[in-house]
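**Student:** What TrEMBL shows for this protein is this:
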- H37: active site, proton donor (ACT_SITE)
- 30-37, 149-152, L179, 187-190: ATP binding site (BINDING)
- Q61: beta-alanine binding site (BINDING)
- Q61, Q155: (R)-pantoate binding site (BINDING)
Amino acid sequence: MVIFKEAAQLGDFLRHKVENNLNIGFIPTMGALHSGHISLVKNAHAQGMFTVCSIFLNPTQFNDKKDYEQYPVSTDADIEMLLQAGCDVLFLPSVEEMYPGGTDKMKTYDFGYLDTILEGANRPGHFKGVGQIVSRLLDIVKPHTLYLGQKDYQQCMVIKKLIEILGLPSLNLVISPTLREQDGLAMSSRNRRLTEPQRALAALLYQCLVSIQTKQAGGNFAIVQKECTDLLIAKGFTPEYVALADANNLQLLSNYDNSVPMITLIAAKIGEIRLIDNILLQ
Ligand SMILES: Nc1ncnc2c1ncn2[C@@H]1O[C@H](COP(=O)(O)OP(=O)(O)OP(=O)(O)O)[C@@H](O)[C@H]1O
Ligand SMILES: CC(C)(CO)[C@@H](O)C(=O)[O-]
Ligand code: BAL
């Protein structure tokens, strides 16, 4: 695996690979890698991509300074995992490399409705920062296929819109299923910050999602939503949302509606750690 810290060098290297008929598969991450990230790398590798992963803790997408400062970092272990997974290139830039004119100088994108609900409403400025960094990364890496995880479902929709705004119709987007721990907790870098008692409770998010799915037949979402919210609060969580939406466009639904594909999404804090999860209803 080749490691690059400079955008221009990586760009030159990848241009050469494309001239030699390789397809670039790109997996952007913020590091502290786990098996969920590695599943994306392995997927790209299995699809015959020349596989590029980036690790960059992007300051502009953190609305909470403490969350940024305490985000787990484990670069040596990350490199080892990427090597094992068959990753071809790791891009490991500095903040200066990604924001050469400073973080204020970057172009921003308007994601409209998507930025006003759920993660957008609860993390002001978050998607603006995601748009800034993903547009910069796409410009450097110029991938054929971009690999993202369903755990960040709203982010996937925002990036889909970004791809439209940037006018990149040939860029293929692959969204991979959420990898979970044995008790159902979605794998997440932030899980590392959970204390043992917090970790023991954390699978409650997934259990709530499953109960929202199970109770859909003839059910009343408002009742199930309240049950989940009350249960989360009783167990010491601070829920931010327990939502049901049209999976095509994230229009929020006040009740189950079998005429559209549905997704249920939760965000809740346990102590200082903010966790999100979702499942598509079947
Ligand atoms: N459990 C998972 N299964 C599959 N893909 C995942 C999983 N967790 C994260 N990803 C995907 O990996 C990519 C990089 O995510 P990121 O580096 O933010 O990790 P993360 O675990 O989501 O971190 P955190 O939840 O703490 O923000 C994103 O596309 C994300 O959706
Ligand atoms: C897409 C991303 C790498 C942009 O910083 C980040 O939001 C993430 O890891 O999901
Ligand atoms: N995993 C999405 C990026 C973030 O939480 O900032």
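Residue numbering: from 1, along the chain as shown.
Just so you know, glycine gets a Cβ as well, placed from its N, Cα and C.
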**Student:** In which DSSP state, out of helix, strand and coil, do we find M30 (ATP binding site)?
**Tutor:** coil
**Student:** To the nearest whole angstrom, state the Cα distance for the pair Q150 (ATP binding site) and H37 (active site, proton donor).
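**Tutor:** Roughly 11 Å, rounded to the nearest whole number.
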**Student:** Just jot down the residues in the same chain as L179 (ATP binding site), at least 6 apart in sequence, with C-beta under 8 A of its C-beta; none if empty.
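**Tutor:** Listed in sequence order: H34, S35, G36, S39, A186, M187.
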**Student:** Checking proximity to ligand 2 here: which binding-site residues out of M30, G36, Q150, S189 have their Cβ closer than 6 Å to it?
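**Tutor:** Going through M30, G36, Q150, S189 in sequence order, those close to ligand 2 turn out to be M30.
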**Student:** Should we count any of the binding-site residues L33, Q61, Q150 as near ligand 1, judged by a CB under 6 A from one of its atoms, and which?
**Tutor:** none
**Student:** Please report the number of other Cβ atoms within 10 Å of the Cβ of L33 (ATP binding site).
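**Tutor:** Around L33 (ATP binding site), other Cβ atoms within 10 Å: 26.
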**Student:** So if I measure Cβ to Cβ from the residue listed as 'active site, proton donor' and keep only same-chain residues at least 6 apart in sequence, which ones fall under 8 Å?
**Tutor:** I27, T29, C53, M81, G149
**Student:** In sequence order, which same-chain residues at least six apart have a C-beta under 8 angstroms from Q61 (beta-alanine binding site)?
**Tutor:** G125, H126, F127, K128, G129, V130, Q132, I133
**Student:** How many whole Å apart are the CA atoms of S189 (ATP binding site) and Q155 ((R)-pantoate binding site)?
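**Tutor:** Roughly 16 Å, rounded to the nearest whole number.
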**Student:** Does any of L33, G36, H37, Q61, L179, S189 have a Cβ within less than 6 Å of an atom of ligand 3? These are the recorded positions; tell me which, or none.
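**Tutor:** The ones that qualify, in sequence order, are Q61.
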**Student:** Does M30 (ATP binding site) have same-chain partners at least 6 apart in sequence with Cβ under 8 Å from its own Cβ, and which are they?
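**Tutor:** The answer is I55, F56, L57, N58, Y71, S189.
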**Student:** What number of additional C-beta atoms lies within 10 angstroms of the C-beta atom of G36 (ATP binding site)?
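**Tutor:** Result for G36 (ATP binding site): 20 other Cβ atoms within 10 Å.
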**Student:** Using a Cβ cut-off under 8 Å and a sequence separation of 6 or more, which residues in the same chain sit near Q155 ((R)-pantoate binding site)?
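**Tutor:** For Q155 ((R)-pantoate binding site), the qualifying residues are E119, F127, V130, L148.
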**Student:** Tell me, how many other CB atoms lie within 10 A of the CB of Q150 (ATP binding site), whichever protein chain they belong to?
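**Tutor:** Here the count is 19.
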